[in-house]
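Copied from Swiss-Prot, the annotated features are:
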BINDING   GLY165, ARG166, SER167, SER190  NADP(+) binding site
Amino acid sequence: MVATILDGRMLSKKIRTNVSEKVSLLKQEGITPKLVVILVGEDPASQVYVRNKRKTAHALGIEAVDIRLPENVEEDELIRLIDELNSDGTVHGILVQLPLPKHINENKVTHRIIPEKDVDGFHPLNIGKLFMNIPGPLPCTPRGIMEFFKEYDIPVSGKRVVIVGRSNIVGRPMAALLVNSDATVTIAHSKTKNLAEVTKQADILIVAIGKGEFIDENYVKKGAVVIDVGMNRNNDGKLVGDVNMESVSKVASYITPVPGGVGPMTIAMLMKQTVELAERSVAGE
């Protein structure tokens, strides 16, 4: 068996085309969707992510504004800026690029964004809606992963899913989305005993642990669907996932590559969600 590649670049292009059409319709009503990204400090990876978001947004007709603040900015100043953006009627989505410097409380800052402009889907109210299966903004990476299942006709209902990683950005919201779609979900993490025994039970294995090429074929059931959320650099400086692609693609039925898998889908979902927030603001929701 050689795994079918779940092509995030191809699928994200399809989604971006749809987003672009929706932007055109909004502009006919005099509304330009606007996304504001706040970047604190000079983290090189964060700068690349922000640049990619801006470039993608502009290509789709979304107004994207970067606000760059120095590393030593006071938390109060950042909070004041978010308050201003919350009350600005022309802004539809607000995103604070993580990580933030140590002296700033990430939760306090991200929770300050009002739920109606929480384009990342991290506000406790939106997370609560997710767990109660009420529509609202969703964390972009889990939402992008669900799009793979839809596009490639991969059934989720009744399937056993193992998620390795319990972060608030991927693991936990991913579990909620899957439960809402009638999957049976296990979350594994660094304290899980006999990890391979757990992961080998998975019909769908989602890996988000930040350890380069950690998962090999010994962790994967034959015919499983494998979603690799990891982004790591190996010793040669090459971008790799948390899954050993060469090894696992021999046993999996489907697999996402790194790069070109989950990454492009996350940005596509961010754009889609920005436009959805603009649509909701027009509808007065």
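A Cβ is built for glycine as well, from the same backbone N, Cα and C atoms used for every other residue.
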Beyond the site residues GLY165, ARG166, SER167, SER190: chain residues whose C-beta lies within 8 Å of the centroid, for NADP(+): VAL164, VAL170, GLY171, ILE187, HIS189, ALA208, ILE209
Note: among binding-site residues GLY165, SER190, least Cβ-dense neighbourhood at 10 Å is SER190
ARG166 (NADP(+) binding site), Cβ-centred 10 Å count of other Cβ atoms over all protein chains shown, is 18
Compute all pairwise C-alpha distances among GLY165, ARG166, SER167, SER190, the residues listed as binding NADP(+), and give the largest one in whole angstrom. 11
